[in-house]
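> Starting off with a structure, shown below.
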Amino acid sequence: MTTRTEAVKAYLLDLQDRICSALETFETDTRFIEDAWTRPAGGGGRTRVIENGSVIEKGGVNFSHVFGSGLPPSASAHRPELAGRGFEALGVSLVIHPHNPHVPTSHANVRFFIAEKEGEEPVWWFGGGFDLTPYYGNEEDCIHWHRVAEQACAPFGPDVYSRYKAWCDTYFHIKHRNEPRGIGGLFFDDLNEWDFDTCFAFIRAIGDAYIDAYLPIVQRRKAMAYTEQQRQFQEFRRGRYVEFNLVYDRGTLFGLQSGGRTESILMSLPPQVRWSYDWKAEVGSEEARLTDYFLQDRDWLGLTAPKAAV
């Protein structure tokens, strides 16, 4: 393991610790359980899962460090020059599914790949980002989420936020539904346009920003009253989340195709989901407003949160 890889690994392990500790502040008795695992083909990780808390219905914060003699098709398909190289892949990936339909689901991921071949220079890149999936939208939350994202990107260039926001909107699009998974955030991959130290600093900025972006939203919404109808709508929309993760998500496909640990890969799936045949929201309802307003390509930084928002 190179010095660079060691530095990335140390940061990712610390990030996992800090995120778990921050999320546990919302729970009285429930804590993350840790499952350390080893990958027979090389590497391993530590999966941390929290279930049936008072605020978090299910959440997972996973660290993995795996390696192998060749990249799986999901990783090399868009970069064929990497075929036949050995690889190391390190990352922290998390998904939080709250009980309350007024609290959005959040996802974040930061990762590092290095691909090597004898007689050639190593090829490395970073990837990651974070995105938010509300069920009952709130402008204040959307603006806050994107403002934190923009502030994390600002030191690295005036167009970084706008580029990675657009990439996020494109990536988290459910093609067979022709709708986005949520209100976006940041997404990037194959990042090596700067030197290693700058790219690593950027990854740290994004990883650290997740806590600042998500925790205030949870704090504002976790005690809001909700109805059984709203809970059912949350479960219905969770179905979209499952569809995206199992059909399109690059990380899920990479993990499964590279012989990754299935339990850790699928920890992102919500505990309860609902599919209703050809269900449509009532025109003018809160449920309809989610798709008609919030799940639209929007410049959230150009809006001002309504004064009455709670």
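Note that Cβ sites are derived from N, Cα and C of the backbone, with glycine treated the same way.
Sharing the feature lines straight out of Swiss-Prot:
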ACT_SITE  His107  active site, proton donor
BINDING   Ser93, Asn109, Val110, Arg111, Gly259, Gly260, Arg261  substrate binding site
BINDING   His97, His107, His146, His176  divalent metal cation binding site
REGION    241-276  region 'Important for dimerization'
SITE      His176  site 'Important for dimerization'
> Can you tell me how far the Cα of Ser93 (substrate binding site) sits from the Cα of His107 (active site, proton donor), in Å?
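Between the alpha carbons of Ser93 (substrate binding site) and His107 (active site, proton donor) there are 8 Å.
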> Fill in the CA-CA distance, Arg111 (substrate binding site) to His146 (divalent metal cation binding site), as an integer in Å.
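Between the Cα atoms of Arg111 (substrate binding site) and His146 (divalent metal cation binding site), the distance comes to 21 Å.
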> Under an 8 Å Cβ to Cβ limit, what residues of the same chain, 6 or more beyond the ends of the region 'Important for dimerization' (241-276), are close to it?
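For the region 'Important for dimerization' (241-276), the sequence-distant neighbours (Cβ-Cβ under 8 Å, at least 6 residues beyond its ends) are 35, 37, 39-41, 45, 47, 49, 51, 57-58, 60, 62, 64, 66, 68, 71-75, 89, 91, 93, 95, 97, 105, 107, 109, 111, 133, 172, 174-177, 181, 189, 232, 235.
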> Using C-alpha atoms only, work out the spacing between His107 (active site, proton donor) and His97 (divalent metal cation binding site) and round it to an integer in Å.
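One finds 9 Å between the Cα atoms of these residues.
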> Do you know offhand how many angstrom separate His146 (divalent metal cation binding site) and Arg261 (substrate binding site) by C-alpha?
32
> Is it possible to list how many residues within the region 'Important for dimerization' (241-276) are helical, extended or coil according to DSSP?
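Breakdown, helix to coil: 22 helix, 0 strand, 14 coil.
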> Using the alpha carbons only, what distance in Å do you get between Gly259 (substrate binding site) and His97 (divalent metal cation binding site) once rounded?
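About 26 Å separate the Cα atoms of these two residues.
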> Let me spell it out: for each of the binding-site residues (Gly259, Gly260), count the other Cβ atoms within 10 Å of that residue's Cβ, using every protein chain shown. Which one has the most?
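Output for this query is Gly260.
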